[in-house]
Amino acid sequence: VKSLVLILDFGSQYTHLITRRIRALSVFSLCISGTSPLSSITSLNPKVVILSGGPHSVHSNDSPSFADGFVDWAQSNGVFVLGICYGLQLLVQRLGGEVRVGEKQEYGRMDIEVEKNCGIFGGKKVGDKQVVWMSHGDEAARLPDGFEVVARSQQGAVAAVEDRDRKFYGLQYHPEVTHSPEGMETLRYFLFDVCGVNAGWKMEDVMDEEIEVINNTLAPDDHVICALSGGVDSTVAATLVHKAIGDRLHCVFVDNGLLRYKERERVMETFERDLHLPVTCVDASEQFLSKLKGVVDPEMKRKIIGKEFICIFDAFAHELEQKLGKKPAFLVQGTLYPDVIESCPPPGSGRTHSHTIKSHHNVGGSATRKDIEGS
């Protein structure tokens, strides 16, 4: 892809939105872990790399960072880099500047004012103001050599920086959220006018791309289990995999006793009549409700529900193994970027960069069990 925009995820709730907003501009964007090895980044050959926000301070010992050699690679290959919030602070710190804990933490809608009409604000005039969505405690105190401030908040904090020679840019706010009304205009100007990205990718290409990825991932005789909830995400995932491998997909829908009125019947009818998916329905309502009896704490309920789902998928996998004479190779789970990001362990675990907002029954768990060798 000529104009790939690569997002390095450092745990922001809004990371999925950046990916989506850029695709809405007919530009292909991809999101990978912010701590991915340099080879994973260079092999994708992106034209632009965006460093996402995240719930961290660059001063923490376990705060995530991009791979060593990233800055040199970006410079030598003319790759544009945009740091958003935590991404800006990371860029400033790693390039020799100073980030300090802000005297006044900024959270919510704020006015910013353009100080220089160049680079990312080339389409604006000096003195132009706009409302943006701030969410940070730390702030850039001293910029690395070559950087200049191009916008400040109403409190005087750095709101946007750039080093045009090295093609490094930073925003201390989230342009991708609707609370930043002119944010999309800024992203559009940055990608097309500053970076020279070519539009031309379209959402219709996604299905063909995903089916190709699925076929390249699976061996010709691999069988797959899909955990179906009846929601859009898992249904789309199941439909894609079914188009790719047909009856080697084995879907399971679990009635956990917590469904809406007639939801089980409606969902199963849709699977069978409209989507022609091979689905086994497991009635486990008594199993779930007996375990939940007397439990009040919402997070405890989620963990109990998640554990029961794992047990059911585990049993389904064993039954399927007996029937097929071999273990199913993968478990398909369809979910959203926020679920994946928020469901990860906290910093310091060595595994990811997010903070758990609430656990999700449909992310993680069974995919890590030995009985099901993939996710």
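In case you wondered, yes, glycine gets a Cβ from its N, Cα and C as well.
In TrEMBL, annotation is done automatically, which means it is predicted and not curated.
The ATP binding site feature in TrEMBL is assigned to Ser229, Gly230, Gly231, Val232, Asp233, Ser234, Thr235. Annotation comment: TrEMBL describes 352-361 as compositional bias 'Basic residues'. According to TrEMBL, the domain 'GMPS ATP-PPase' annotation covers 201-375. Residues annotated as region 'Disordered' in TrEMBL: 345-375.
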Quick check: which same-chain residues outside Ser229, Gly230, Gly231, Val232, Asp233, Ser234, Thr235 lie with their CB within 8 A of the centre of the ATP site CB atoms? Leu228, Val236, Ala237, Gly334
Of Gly230, Val232, Ser234, Thr235, the binding-site residues given in the record, which has the fewest other CB atoms within 10 A of its CB? Val232
Taking the Cβ of Asp233 (ATP binding site) as the centre, count every other Cβ atom within 10 Å, in any protein chain shown. 14
